[in-house]
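Enquirer: Submitted below is the structure of interest, expressed as C-alpha cells.
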C-alpha cells in the first residue's frame, strides 16, 4: 500500500510502498480517509523533534487523521464507523497514566507518539491501532474529522486553564490567541463562544486569508510587528486568558505581562533553547500580586477528543471550509508540504 | 491607648498614644491579644511596600493578629469570642470580589490592606472592623491565633496549586518549600501531612534552630549555597509541588526546572525589579512538554482562614512553640523588630 514517510538522513517526505498492516488481537484495521499536516510534521522532517521508530529506517508521517473502520476485529467498533485515532501509545512499560486514560499527562519516556516520536504515523492507506485509542465521530464529520486532533489539544489546554481558575468566580471576558496558524485559528473560533472579546496576534500584514478569518470571527487582529505582546494591555486591554500557539519562547514571558489580574496563560508551543534577558523580578511580582497563572499543556486524551468532536460540529461551515485550504491526493503529496501564505491547512486524501 | 506605628519619613516603629476607636454600625470592637511580625512589616517600615492611610501622618503596623471581642455591637459575634481579622478591606469602590467574599482575588486598586497599604493595622490595644472580616477560633488557640493569617496564605496557595492539577490524578509525593522563615516552616509542616517526602531550602548552615525544626518535621534540609534550586532534581528528586516563600526572583524560574512532569510551583514572594538572563526557550519547552504549571498567589479569604484554623489546631505542640520564639510586651516592642538567627517568629503581646 502507499505510505508517505521520511527516511533516515532525509528531510523531504517520500511515497513508499509497504505491506498493509494486519491488526493484532484488540486492534482495529482502519482505512485512512484524510490526514492533516501541521507544524510538528515539519519539525519531524527537519529532525528537530521526534525520533524514528526503533529499528526502522523510515518513519510514516502524520498524526492528524480520520478514517473508517475496515475490520473491527472483534472489538466494540463496527465496520464503516468513522474514527479519529489518538497520538500517544505506551512505550514498553506499564504507565499509570495510560491505565488512567491520561496518556497526555505521561512523562517523557513512558510513551511514543504516532507520526512524531518512536512510532509510525497515519499517512498510509491503512493503519492498525487498539480500539481504545479510536474516537468515533459522526459520518457527517468524515471530511473534516482530521481537525479533531488539533482541536483536542486546545480543549485540553482550555480545561487546564479553566480548572486552574476554578477556586474563584473567574470572568474570562477577554481572550487572546498568540498565533494565526491553524491551531491558533481553531482555538480562536472556540474562544469566541466563551469570551466577550477575542484577539489574535500574528506577524502577517493585510491582505491575508488568516486575517480575513479573524475578522469574520469578530475578533481583533493584532499585528505583532506593530504591537508587542507586553504592549497589548495598553493598546487594547489586559487579557483574562492568553493561549500561546507560536512556539516563540519570549511569548511565554510577555504573556505574564499581557494578563489581567487573575488571568491565566496557557502555553502550547515547543521552542528550542534560547537565552535572553527578562525582568524576572517584575514577572515574579506580577504573578504573585495579581494571582496570575502560567501553564504548559501538551497532547490530549479521549475526553478532549470527544469535546473536540462536539466543538468541530458546532463550528460554522464557512469557518471550517476556509481553514481547509489545500487538499492533495496521495500522488500530489509533495504539494501538501509546500507552505504558502495562501495555504492554511493542507491535508492528504487517501480515500474519499 | 497604646499603638505601635511608623511615622511618615521614618523607618523605625514608635509607640504612640491614640484614642480608642469606636465601632460603627456593623463593626465590632476587638481587644488585641497578640500581633505577629513578618517580612512584610519590615517592607512597610523601609517603605518598599505599602502606603500610609490617606491623610494620616502615621500608620499603625501589624496584620497578623488575634483578639477577643470586647463589644459585639449588635453583630452575630459574642463578647469574649476569640477572633482573627482578615487583612484586605474595600477601597471606596464597589468590588465584585468583596461581594463574592473573594477579596484575595481583587485587583490592585480595589482594596486597602490593614497594617500594610492604605489602612491602619492591628498593633494597638483595640481595633474595630466589620464582623464579616473576623474569623472565630477556639479559645484554646487564643495564644497562637496570630499564626492563622500566615497559614491562611499557604492554604490559599495550596488550594490554587491543587485545583490547577485537578484535571488528572495528580500525585504530590515530593514537596519542596523554598525558604525557612516562619511562612516556609508553617507551610512545610502543612505539607508533611500531604506529601510522602518533603524538602526545605534555606541559606543557613547548621547549627540553626530552623534547620532543627526541618529535621524534626522529617523533612530534608537543602542548603542553597551547596545545591541551587535547579540542581535539586539531580541531587534529590524532581518535585511535584514547589512552594516559593523567599521573594528571590530567580527562584520563580528555577522552580520550573525543579518540578517533575505535571508539577506545580506556587509563588508567594514579592521581589523588586531584577533583570537577568534565562534560557527562556528551555523553560517554555519544559512547561509545555511536561505539563508544568507556575502560579502566583497573594493574600487569602475567610475560607482559607477557616482551613488555617484547623491546620493550626492539628500542628504538634512542639512545632508551634518552637516557631513562636520571641514574645515581647508592648513596652519591649522595639525588641520584637530586632532580627537574629535565634528568632523565628516575634510577636507583641497586648493583652494576656
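Backbone N, Cα and C define each Cβ position, glycine as well.
Note that TrEMBL annotation is computational and uncurated.
According to TrEMBL, the protein carries these features:
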- B:25-139: domain 'Alcohol dehydrogenase-like N-terminal' (DOMAIN)
- B:40, B:113, B:149, B:153, B:299: substrate binding site (BINDING)
- B:142-350: domain 'Glucose dehydrogenase C-terminal' (DOMAIN)
- B:180, B:181, B:182, B:183, B:203, B:204, B:268, B:269, B:270, B:297, B:298, B:299: NADP(+) binding site (BINDING)
Enquirer: Select from B:113, B:153, B:182, B:268, B:270 the binding-site residues whose C-beta atom falls under 8 Å of at least one C-beta in chain A, and return them in sequence order or as 'none'.
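Expert: Checking chain A against the binding-site residues, the residues within range (Cβ-Cβ under 8 Å) are B:268, B:270.
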Enquirer: For the substrate site made of B:40, B:113, B:149, B:153, B:299, how many Å separate the two farthest Cα atoms?
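Expert: Pairwise Cα check on B:40, B:113, B:149, B:153, B:299 gives a maximum of 14 Å.
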Enquirer: Look up residue B:113 (substrate binding site) in the DSSP assignment and reduce it to helix, strand or coil.
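Expert: The three-state answer is strand.
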Enquirer: Please give me the CB contact count at 10 A for residue B:149 (substrate binding site), counting all chains in the structure.
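Expert: The Cβ of residue B:149 (substrate binding site) has 27 Cβ neighbours within 10 Å.
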Enquirer: Fewest other C-beta atoms within 10 angstroms of its own C-beta: which of the binding-site residues B:268, B:270, B:298 fits that?
Expert: B:270
Enquirer: For residue B:40 (substrate binding site), list the number of other Cβ atoms lying within 10 Å of its Cβ atom.
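Expert: Total other Cβ atoms inside 10 Å, all chains included: 22.
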Enquirer: State which of the following binding-site residues has the fewest other Cβ atoms within 10 Å around its Cβ: B:113, B:180.
Expert: B:113
Enquirer: Nearest to residue B:203 (NADP(+) binding site) by Cα, among B:40, B:113, B:149, B:153, B:299 (binding-site residues)?
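Expert: Given the candidates B:40, B:113, B:149, B:153, B:299, the nearest one is B:40.
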Enquirer: Taking the Cβ of residue B:153 (substrate binding site) as the centre, how many other Cβ atoms fall within a 10 Å radius?
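Expert: Neighbour count, Cβ to Cβ under the 10 Å cut-off: 23.
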Enquirer: Could you check which of the binding-site residues (B:40, B:113, B:149) sits closest to residue B:270 (NADP(+) binding site), going Cα to Cα?
Expert: B:40
Enquirer: Using DSSP, what is the helix/strand/coil residue split across the domain 'Alcohol dehydrogenase-like N-terminal' (B:25-139)?
Expert: 19 helix, 46 strand, 50 coil
Enquirer: Which residues, in sequence order, are found in the same chain with Cβ within 8 Å of the centroid defined by the Cβ atoms of B:40, B:113, B:149, B:153, B:299 at the substrate site, excluding those residues themselves?
Expert: B:63, B:64, B:87, B:88, B:116, B:150, B:298, B:300
Enquirer: So what's the mean pLDDT when you look at the domain 'Glucose dehydrogenase C-terminal' (B:142-350)?
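Expert: Within the domain 'Glucose dehydrogenase C-terminal' (B:142-350), the model's average pLDDT equals 97.
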Enquirer: Looking only at B:180, B:181, B:182, B:183, B:203, B:204, B:268, B:269, B:270, B:297, B:298, B:299, which the record lists for NADP(+), tell me the maximum pairwise CA distance in angstrom.
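Expert: Per the listed residues, the maximum Cα distance equals 27 Å.
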